[in-house]
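Feature annotations, reproduced from TrEMBL:
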REGION    1-86  region 'Disordered'
COMPBIAS  19-35  compositional bias 'Basic residues'
COMPBIAS  36-45  compositional bias 'Basic and acidic residues'
COMPBIAS  74-86  compositional bias 'Polar residues'
TRANSMEM  111-133  transmembrane segment
TRANSMEM  153-172  transmembrane segment
TRANSMEM  184-204  transmembrane segment
TRANSMEM  224-244  transmembrane segment
Amino acid sequence: MSAAMDTESTYSGYSHYSGHSKKAHRQGRDRHKSPRSKDGSRSEKSVTIQTPPAEPLLGNDASRAEEGQDDNWGETTTAITGTSEHSISQEDIARISKDLEDSVGLDCKRYLGLTVAAVLGLLVFLTPIAFILLPQILWRDDLEPCGTVCEGLFISVAFKLLILLIGTWALFFRQPKADIPRVFVFRALLLVLIFLFVFSYWLFYGVRILDSKDTNYQGIVQYAVSLVDALLFIHYLAIVLLELRQLQPMFAVKVVRSTDGESRYYSLGHLSIQRAALVVLENYYKDFTVYNPALLTASKSRAAKHMAGLKVYNVDGPGNNASGQSRAMIAAAARRRDSSHNELYYEEADHERRVKKRRARLVVAVEEAFTHIKRLQAEEQQKAPGEMMDPREAAQAIFPSMARALQKYLRTTRQQQYHSMESILQHLSFCITNNMTPKAFLERYLNPGPTLQYDRDRWFSKQWTLVSEEAVTSGLQDGIVFVLKCLDFSLVVNVKKIPFIKLSEEFIDPKSHKFVLRLQSETSV
């Protein structure tokens, strides 16, 4: 109980605005009331998407305000900036509504395909049984007696149907991982093939057996057995087309994220463009680091500052000859542009120094906290043997000692929007439960992990759009480029065919490696 109160008191400054934060908010609001800036440009209008105040770890401050903060930053200070890192326009809202409508159509298409496949599968399994039972029901008295061979065929049909049922369940009855824009060609081809096959068997059965009321019951059972054998061969064909054909690597694809240029290489087999896009997205969520738009704000602000330095104003009017002054201003802007690499160098060096310092403070704070929890566990065991401290209570007890250092490090590295207080407490209690070291606890926060490591609410990519010049049902070819777009960024995929490798063999005579070492009795000193 006391640990929870300590945690609550530590974070009371982040859930309520103090008097200082309200004053900063009024100043920021007054600043935005000015209709025009000094150069006459209007402020950009945007619809701000705000997250709930209880979700982020330690507030939702903008990352640019962190650049001017020192190490003695107050816990109750709230920085208010004029712009938002995430904004959405009317075009984006229209695109989102269109994507929602498309998703409804995809759901209907998916359920329709599942219904057709289920009905066809039920027809396939009931057809051999119907072939055997219909003569017994319609003209049982006229049938010839079923001998030993006929009864053995019953057992064969039963076991073959069981094997076919298990194979069909393993191959087709799977939880869908994604909704693709077009139909899967090979699966549709197999469904059409099965339908034509069963229809032809029913047509032959109706004409030659039902109309004539064939009395050879053993031949009818043998006809049903041939149907089950053919269905087993079709199932083998489905395994080859759907599973085995794509296993051999034939293409190497390069995936590049458009915002930060992070890239990965993957090997793919014979796949259609839409199925290759699914494989790329599955690997993206586990291989690419999580997309963090806050890391791009610094480079954008530098670019805007440099572009502003290249503006030239003719204050004397168009009629006066101010070419000399214009040339001087252009030369000054060029010198400022040439010195921009120094600004970038010192800015990155200062940022790296700040990150290293706060990382060192965080490591020391976490090690001290874990040492404290080990001491508490030892004291609990001495006082009451057999009673262990609850991991959740232990995490709440040591979390306030490391919260400030963790807060500053996450804000410096711009990761605060991905880690809430509840998620950190859960991870800390998990590490305590499994007796993990401080280094194992810090691994999640020191290095940005893949997208799957974070909660789904923190993802910036959930719905994707495939853009391709070729038909998405066509196979991969050398030189094909397609793009996977989401709301904030896109993945550019470039396909290259793996070259044909010609490997030759060269024989080396084992006797060529033999040599004679002759030692002289007299050596020079």
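Cβ coordinates come from backbone N, Cα and C, glycine included.
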Segment-segment contact (the transmembrane segment (153-172); the transmembrane segment (111-133)) at 3 or more Cβ pairs under 8 Å: yes
Under 8 Å between C-beta atoms and at least six residues away from its ends: which parts of the chain pack against the transmembrane segment (184-204)? 116-117, 120, 123-124, 127, 227, 230-231, 234, 237-238, 241-242, 272, 275, 473
Counting only residues at least 6 beyond its ends, the same-chain positions whose CB falls under 8 A of a CB in the transmembrane segment (111-133) are 154, 157, 161, 164-165, 168, 172, 183, 191, 194-195, 198, 201-202, 205, 220-221, 223-225, 227-228, 231
